[in-house]
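These notes are about the structure you will find just below.
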Amino acid sequence: MLRQIHSLPGLVAALLVAVLALTGAVLSVQPALERFAASSVVTGTISVAALAEAAQAQHAEIDKITKTASGSVVVSYFDGDKAGADLADPATGRVIGPHSPSATIRFITNLHRSLLLGTAGRIAAGLGALAMVVLTITGAMMLAARLGGWTALLQPIRGNARQRWHAQAGRLAIVGLLLTALTGCFLSLTSFELIPDGLAEPVATASGGGGARASVGSLAALQAVDLADLRELAFPYAADPTDTYRLTTAAGVTQIDAATGEALSFQPHSTARQLYETIYMLHTGQGLWPLGLLLGLSALAVPVFAITGAMIWWQRRRSLPRIADNRPASAADTIILVGSEGNSTWGFARTLHAALTQAGHKVHAAPMNALARAYPKAARMLILTATYGDGTAPASASGFLARLDRSALKLPVAVLGFGDRSFPQFCRFAEDVAAALAMRGWPALIEIDRIDRQSSQSFALWGDRLGTALGHGLTLAHVAERPKTMALELVKRVDYGAEVQAPTAILTFRLPGAAAGRALWKRLFPASLPPFEAGDLVGILPPGSTVPRYYSLASSAREGILEICVRKQPGGLCSGFLNDLPLGGRIDGFIKANPAFRPNASAAPLILIGAGAGIAPLMGFLRANRSHREAHLYWGGRSPASDFLYRDDLASCIADGRLSALNAVFSRVAEGGYVQDRLAKDAQQLAALLRRGAQIMVCGGRDMAGGVSQALDAILAPMGLSTATLKASGLYLEDVY
Ligand SMILES: Cc1cc2nc3c(=O)[nH]c(=O)nc-3n(C[C@H](O)[C@H](O)[C@H](O)COP(=O)(O)O)c2cc1C
């Protein structure tokens, strides 16, 4: 809900708010420029009487003298029929030159206030300010919720680059933007007279005695006022002998007899006017130039929000599968919530949705993260969720358990887990969800079930059980959708490990090669690999299967190649296919980002730990380590003679400083061991690196990862740390399989 409230006005008003913010940022510099251009007003050096006297000496008839909030003194006059305005030196009253406000600034001010569109533009600008209030408040609430509460607002921000930029800009600019937006709303309301600004307050109209006018410099009531207090001094109309001087200061308006210099009346400013002036100052920075600059800087964050916000929205929209005839949550009798990262679970949800709709139900499907506070018409909830990481939630369910904690819902529920039995935590997240629901008293519609490797048969059987519970038949005939893939051609392979029963290959792919006589436009604009970084995953569909297998990438798209490391698994469909693939052979693959497994941007050392084919992403990080960040690699194989993967590449990384230390351990040599043994041996050096804020990245099999985390926990314990605490702060990343 919060997200909808944030993104809807954000998208609609992005351009408008960006125009308001950019013009505001330009205008925000004005008070500071004027402040430094005007000679400083030195309190006590000149009275209003002396200033007026000096001005009068230079012009036949003065209309008024105005002092702007930034300290400039402007004398408006009539010389005969000709009206004009001078800028006067506040210290002496002498003319500095004609007052000529910049046409550009006037244009930008009009653009800011009314978009050059008159009343319609002023309404739009007001709505823009309102949108900005909504966006800043909902944005702050979302950020707080994401970081774990208001007290965690300064915690490091996770996520992809656009999400980090969006949130970081928000953190820096929020106070300035909220102030600008709230004061902008107020000013907009006063401009439409929906709130009084007090500027047109009635002034007491005392008349002067009508005696002969004294020189303005001799008037006692003006001599008593310092220039620092002046806002405006309006001169009496020459043709009316009873007209008075009208002196406006911060306190109010005084009428002064032009002959005697006596103060005839004093009218203090109304509260409305004082409030308006304070808010005007807080919005423009006029009279408070450092605030103006601060607001201007905050406003510069708005285009960053507009661009990154639109990108985040588009990305989210694109990744949300479409479901035909999806009913609103408020009208549905059956709610399907989906936990997915690679979208295949959405395919199952779509099949289930269609079957239930055909059976006469009103069905609403949504990501698990969108668990609502209430479903007024719902009689049941069906949760379909995958499991990721080491038994954790997929992306679209990452906030589900926290939401459930705050929820008072209780509906009959069925949980169906999607996973892969080769992971030790098979369907663990689905189990956690089912347990959490049971603990909160949600009745089970049917017991939890688990689907291995997207089996359509198991899904159909689950449909039978669900149908029985619902009291009508339910046929779930699911045909898995083939992910969109690209063809890749094997251009290089290096084979290792056959002698030590660990056949492993480093496979390098390119987009299919240049065929002779290719069309000219294809030669001019050659196809390029989609963007990916080392550590991202490539999903590969082995022939005859629609279920992808994922491999960590050892290269980035910039290198123009896609490189993986594959260990042949006994009976493995995909690893067997890849290990037998000849040069020139093709695969069907697609990229899946894995932003959670990337080195951080710090300059502190990197500790890379892996075993066997797990070296692939680590090798990619080292190749890309052009800044020569200190990097230590711990890697375990079986025999240096047979499966020392990337031996030459590692040597060249050492030679040019991209790798600081290589610690390779082999298990099938005399006095050999595993990578975790080597970590324990190097405890002191590792402790020193960790004290310097080193980041640890682990890639490889689950058993190895378990051993590594045990060895590291032993090293971390004396420092009062653990792999769990490092994990929480992003300093311990794992990519395990
Ligand atoms: C990086 C990665 C980690 C995974 N971890 C687990 C796991 O711990 N337990 C499990 O049962 N399945 C695991 N799986 C398998 C997925 O849960 C399974 O393929 C699921 O069907 C994917 O659904 P989705 O495409 O909707 O995200 C993992 C898959 C990947 C790619």
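Just so you know, glycine gets a Cβ as well, placed from its N, Cα and C.
Residues or ranges marked as domain 'Flavodoxin-like' in TrEMBL: 334-467.
Under the heading domain 'FAD-binding FR-type', TrEMBL lists 483-600.
Taken from TrEMBL, the feature transmembrane segment covers 123-148 (among others).
For 169-189 (among others), the entry in TrEMBL reads transmembrane segment. Beyond its flanks by at least six residues, the transmembrane segment (169-189) meets 20, 24, 122, 125-126, 128-130, 132-133, 136-137, 139-140, 143, 153-154, 157, 195, 279-280, 282-283, 294-295, 297-302, 304-305, 308 of its own chain at Cβ-Cβ distances under 8 Å.
Annotation comment: TrEMBL describes 291-314 (among others) as transmembrane segment.
In the domain 'FAD-binding FR-type' (483-600), helix, strand and coil residues by DSSP number 18 helix, 40 strand, 60 coil. The residues of the domain 'Flavodoxin-like' (334-467), classed with DSSP into helix (H, G, I), strand (E, B) and coil, number 51 helix, 32 strand, 51 coil.
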